[in-house]
Amino acid sequence: MSEAAQTLEGWYALHDFRSIDWAAWKAAAESERAQALDELQSLLQVWSREEADKNGSTAFYSIVGQKADYVLMFLRETLEDLNAIETAFNKTSFAAFTKPAHSYVSVVELSNYMAKPGSDPLDNPDIVARLKPTMPKANHICFYPMNKRREGNDNWYMLSMDERKAMMRSHGMIGRSYAGKVKQIITGSVGFDNWEWGVTLFADDALQFKKLVYEMRFDEVSARYGEFGEFYVGNLLDGGKFAELLRV
Ligand code: 76R
């Protein structure tokens with residue numbers, strides 16, 4: 001058996017994609033819409049206080065295209081916290097104007113492929129911070145799930161630790177060349193959801209997603225072993241922008 005990579009886990013993640021029920025929204029009375037928006041704004045305030053207190057982080061983005069209208073991505077200490085957030089949202093009158101579009105459950109993950117031998121990663125404050133990250137308020141988000149292939153001769157899980165390390169190093173070097181332009185959060189979802197990882201990227205310039213993902217396709221670990229699900233891309237929201245978007 002090949003040696004499994006050691007992973008460190010941080011906050012749990014829920015990507016909650018919803019669509020607006022525009023017919024119901026437009027048919028509602030002005031007062032109902034105002035009430036619904038108020039309830040949503042209160043939750044947004046609760047979530048932003050949790051972020052300020054470093055008890056989690058929340059990202060709020062519109063989604064371009066028909067897969068969803070918006071995503072709320074939550075990072076919290078436990079799966080119970082994520083469940084409580086979902087339930088609190090579902091109890092608002094705003095939720096009645098939304099339809100589920102997609103969701104993804106995972107946990108922030110760092111692997112030891114690039115770790116310095118002999119050191120305890122948890123002594124490194126940068127690593128600890130990456131396990132419980134405050135998500136940046138970048139202009140754009142990009143999310144997609146992925147697997148590492150295990151088919152015939154292309155089976156990631158049959159490779160030796162050294163072979164995987166060499167490939168992950170090359171991957172990491174490409175990634176690092178986008179430092180300052182793209183922020184990535186890798187979340188592991190083996191045992192939690194349909195794919196092995198969720199890839200969430202943040203950037204002020206959306207073209208950097210295309211350039212980064214394209215460049216990585218030529219790198220062996222993506223070219224030979226990467227399998228990808230659906231891509232979601234969107235624009236930064238806040239309570240005010242969302243109210244504007246919903247004005248009918
Ligand atoms: O520097 C380090 O210590 C981290 C190095 C690193 C690891 C271990 C790293 C760097 N990644 C790692 C692991 Mn990544 N990453 C992806 C995708 O579209 C594709 O082809 C793949 C989707 C992108 C765009 C991306 C970006 N990475 C992983 C893993 C877990 C693998 C495992 O455990 O087997 C996956 C699934 C994955 C996928 N990667 C980086 C980036 C970027 C931008 C970096 C540099 C980040 C930084 O230095 O802050």
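Glycine is no exception: its Cβ is also placed from the backbone N, Cα and C atoms.
Its Cβ taken as reference, Tyr144 (active site) is surrounded by 19 other Cβ atoms within 10 Å in the chains shown. Summarising the annotation, TrEMBL assigns active site to Tyr144.
Cβ neighbour count for Ser222 (Fe-coproporphyrin III binding site): 21 (other Cβ atoms within 10 Å of its Cβ, all protein chains included). The Fe-coproporphyrin III binding site annotation in TrEMBL covers Arg130, Tyr144, Pro145, Met146, Asn147, Lys148, His171, Gln184, Ser222.
By the rule that a residue counts when its Cβ sits under 6 Å from some atom of ligand 1, the recorded positions Arg130, Tyr144, Ser222 yield Ser222.
Here Tyr144 (active site) is positioned 14 angstrom away from Ser222 (Fe-coproporphyrin III binding site), judged by their C-alpha atoms. Listed in sequence order, Trp195, Glu196, Trp197, Gly226, Glu227 are the same-chain residues at least 6 apart in sequence whose CB falls under 8 Å from the CB of Asn147 (Fe-coproporphyrin III binding site).
Using a 10 Å Cβ-Cβ cutoff, Pro145 (Fe-coproporphyrin III binding site) registers 23 neighbours. Counting every protein chain shown, the number of other Cβ atoms lying within 10 Å of the Cβ of Arg130 (Fe-coproporphyrin III binding site) is 18.
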